[in-house]
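Data block below; observations after.
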Amino acid sequence: MDIRKEYLEFFRSKGHEVISSMPLVPDDPTLMFTNAGMVQFKDIFTGAVPTPKNKRATSCQLCVRAGGKHNDLENVGYTARHHTLFEMLGNFSFGDYFKEDAIAYAWEFVTVNLALPIDKLWVTVHNNDDEAFDIWSKYINPSRIMRFGDKDNFWSMGDTGACGPCSEIFYDQGEENFNGEEDYMGGDGDRFLEIWNLVFMQYERTADGKLNPLPKPSIDTGMGLERVIAIKEGVFNNFDSSNFKPIIKKIEEISSKNATSENIGSYRVIADHLRACSFMLSQGILFGNEGRPYVLRRILRRAVRHGYLIGFRKPFMAKLLDTLIEIMGGHYTELVENKNFIEEQLTLEEDRFFKTIDLGMSLFNEELEKTKDIFSGVTAFKLYDTYGFPLDLTEDMLRDRGLKVDLAKFDELMNNQKAMAKAAWKGSGDTSNEGDFKQLLEKFGSNEFVGYNNTTYKSKIIALLDEHFKEVKILEKDSTGWVMLDKTPFYATSGGQNGDIGALEDNKHIAIVEETTKFHGLNLSKVKVVNSSLKQGESVDAIVVNRNEVAKHHSATHLLQSALKIVLGDTVSQAGSLNDASRLRFDFTYPKAMTKEQIDEVEDLVNSMIARGISGNVEELPIEQAKKKGAIAMFGEKYGDVVRVVSFEDVSVEFCGGTHVRNTADIGSFYIVKESGVSAGVRRIEAVCGTAAIKYTKDIISKMNEIQAEVKNSDVILGIKKLKEQIKDLKKEIETSQSKTSSPIEETIINDTKVIVSVVENGDLKKIVDDTKNANEKVAIFLLQAKDDKVLIVAGSKNTNIKAGDWIKNIAPIVGGGGGGRPDFAQAGGKDTSKIQEAKTKALDYAKENL
């Protein structure tokens, strides 16, 4: 049985509209990831957006709980049902049906469609929810209905807002299978497994804690697909179901090791984390050092560490992707469409971690031998900072041994170094003004953007806000604040395009528009009042400046993406962008630096597209029709049922809400200024076009003229080559001079080994040591030099019993220093030049004792 399909079709038959899973990156600044089915309907439940015509919806939502408030990462592999990524089935009513129908639908699906035995089912309701109790009593013996308090059976979005009692359906997995102390209804054991939660949103909680009945109660339900599949297949652990078992078998195959009771946890971790990493990558989340990218990195590295435990020493995750696609690719086509990209990114990140994991594990095991109760916070930090071990990975390794990290010391080091993981999520968002924006939205509604065809517009000021987003009636001269126009020509920052700037004018006053941003559906422009004042209710001329230049760069970005796909291949995808009047920046997925030839080819391709004078076309299409047309969507972006599509004939077709030129010829010319790396697997191109390109070429010509004058040669390249030759010759002279020391290097023979211990006044110590080792088959050399009130020490050893690193460690403290290195080469520094001769003597004594 395809339970996912069965569920969606069941609720479709009950008048529900089937809604696709929303992106894992939610359009909600308070959430790290989409973590429940109701997230995409939150604005409907709160009244922030109008209720749709069809007040019934159903979905199968991909969810991630591995960061922020909801984090199951540390439990994965140790329990039967925790996952970093899971699917949540849900049905929703927006002021339509309520408890009677919600319970009836749930009971029908569970007992008829799933055919679960009634004598295995239990139900919970809130202590005070007699209505739900009475309804359930029609379907199940009241002795199987349990009442619980707020902790278990009351749900709310937050301290205020929509909330209500909930009712949960449990499945009894059998006393014969689970008979521990916690295996009772309401206990923490695994015998009674919650499979479905029905939330009855019937109240609004106010700031004083009062519960006011909602005029139109709603329904929000959630059922974990993985749990239901396990129940239907008669297994007691989600990882033993058909959702995971094929992946675990594939791990056994490629590792040539069968899972055992001792190591099965590692196989389960890898299977789970493969799913999370693959879906996150497919939706444009890339590996990085902060925010969501860092969570992705933590998940992947945890999987690699468990792979290491079962014998993997090189990248292996990509080899599992085909198996995952066989299981989930039929419903989630993004896995198939982005298969090559996912494999590429997994392999790159795994390879990076495998290069340091041996060293990190050695350090970990070394510290572990010294640990009794608390693992060193200093070592945990070094594992993180030097070897790329996330803290929770170290904690995970200690968990099996019953040990903990000295978190106080770890945090102290992190704070001192301002480590990037200290505040892992930059996008946490400031929600302190959310109530103010909601009030504005309720008061005025969303204001209309009219700027696609207008750069000037007669608008009315419907709201003014001060710098802290508090509503005011007037903004005085020289003050800064925010303006909400009834109809605005100013484009708000989104989709990689910077918000418009410009001015608000009339006969009396002028305000400079410094930026335009969207807050909770409101287009607001930040203004600086430079003359007179701005008052609510007044009409002004809204004037956009530099729009044409911004449009040129945005359209050029679309052409650039097409050119990159032609030159580098279709696996290239957008990872971010920025467009303003002076430049464009385009981030894209590619595993290595572009060659000069590739950069030139891309630049030439874009300029040829510009020269063709291709007409632009903008249309709004149903999303499925747009996809069939080949429109490229930005990974991670949230789209509605109808999307805006910008196309330049067959050259470029993209989902886009930004502003563009009418014809590619309007762009003028295009120059790539820089190609660089952003992170592993992500490259960045910076480019200019239009007026900015003219300025760029003028600057280049000006600099060339300056260089020409400096090198005193009409052929600049030839002049630079001559200068480089002169510099090379001068460097040789300096090196020769430095290698000639003012004091002779002292040599001696100890047990057939040449030993050099000397104080050198001038010269490059490292070069002298290297040259000496190259010139001798068997030699030990120890050089000291006083320079700028400091002591430099360099030691080398070739085919002798002396280890240079140990030699340095023993002598450097004499001059107040420290250092170390390899057995064949080491160096150190010291502060006390007065002890240099003593150090020399001790160094020679050390050689005599060890040879």
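Even glycines carry a Cβ here, placed using N, Cα and C.
Because the structure is a prediction, the values reported are computed rather than measured.
Per Swiss-Prot, the features are as follows:
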BINDING   HIS554, HIS558, CYS656, HIS660  Zn(2+) binding site
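There are 26 other CB atoms within 10 A of the CB of CYS656 (Zn(2+) binding site), with all protein chains counted. If you draw a 10 Å sphere around the CB of HIS558 (Zn(2+) binding site), it holds 28 other CB atoms from the protein chains shown. Counting only same-chain residues at least 6 apart in sequence, those with a Cβ under 8 Å from the Cβ of HIS554 (Zn(2+) binding site) are GLY496, GLN497, ASN579, LEU584, CYS656, GLY658, THR659, HIS660. Neighbours of the Zn(2+) site: apart from HIS554, HIS558, CYS656, HIS660, residues of the same chain with C-beta atoms within 8 angstroms of the site's C-beta centroid are GLN497, ALA551, SER555, THR557, VAL646, GLU654, GLY658, THR659.
Counting every protein chain shown, the Cβ of HIS660 (Zn(2+) binding site) has 26 other Cβ atoms within 10 Å.
According to its DSSP assignment, HIS558 (Zn(2+) binding site) is helical.
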